[in-house]
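Chemist: As annotated by TrEMBL, compositional bias 'Pro residues' applies to 26-38. Positions annotated as domain 'PpiC' by TrEMBL: 202-291. Positions annotated as region 'Disordered' by TrEMBL: 22-43. As annotated by TrEMBL, signal peptide applies to 1-17.
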Amino acid sequence: MKQFLLTALLLSGAALAQTDTTAPATPAPVTTPAPAATPAPVTAPASADMTAAVIVARVGKVSYTLADYDRAFRLAVARVLNGQGIPFEESYVAQFAEARADFLKQFVRDRAVEQLARASGAPDAAQIDSQMQEARADFETDAEFQEALSATGYGSPDDLRAELERRAVVGAYLEKVQGRFTFGDALVGGFYNLHRAEFQRDPEACVKHILVPTQAEAQAVAKELAGGADFAAVAKARSQDPGSAAQGGDLGCFGPGEMVASFDAASFKGPLIQVQTVQSQFGWHLVLVTKRTEAGVMPLAEAAPLIRAKLSSEAAQKYLDTQVAKLGGESFPATVTVQPADK
């Protein structure tokens, strides 16, 4: 829904950044997207045996194959697509071919951080089991679950489990590292006074929505919500937006002009904490505005946690840079920028 171009994302290394400590989104039921541009022609992808044999990087004493890289790249592309409400399909990967070499740098760093994290502790198997069961419970059949996995870039339930484990162990490690660094009130206050311009904020609305295809269905959902149904639960079950359904319809916070006109008007001019029904070219939306922030300078009390997080994150980043450098690593960009044809 957000108005930005796929090509801009393709050229942005940040769009494909993979070090992310949030849990992967639970796969949501998929819908057919609007027709997309035909992918640029590419050579036939390498066979499974070939991708398992090609070494793309070494970190410490561990070698990573083209299959490892392709799996990570596929998930990164899927996150970009899902963020625009587009289910992942393998054919889209070719549109991001220009980003493959840059993504290899991020891939190498992520694998280094993962090695450091696994040396520090193991993921909680019971927690991962629970997350897997919760993800599977949203679907009646294995086929439906697999379809949803595919739409979010996962080849199998094992791929989802591996990513859940990776993020759990890395997230715990990064939290532990950041916890080493603390900053007192005087330092935080000084930073605030020196950087007040950074805390000038634009108007912002925090919004949840449920997307359905017809007005009749929107009316039925509105009636269900008016009867006391939980918004997040209904969004997970009924919303046709694959980018937000799994998060209970939560779109986060955004500024004016970032959404289509009707949705923007509901977000910034409609009532707070009250379900609104609006139409756009995407369908019918049940919109719930949970918070609005006016323009102005953020007060110190509100900025202090952000400042501490920023300072601890920067300190942790420097620490990680040192630890990653100690591990050592090398990559081979030519192995990921050319896909050899099957023989």
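Glycine is no exception: its Cβ is also placed from the backbone N, Cα and C atoms.
Can you walk me through where each of these features ends up in the structure?
Modeler: In terms of DSSP secondary structure, the domain 'PpiC' (202-291) contains 32 helix, 28 strand, 30 coil.
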Chemist: Within the domain 'PpiC' (202-291), what mean pLDDT does the predicted structure show?
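Modeler: That stretch averages a pLDDT of 96.
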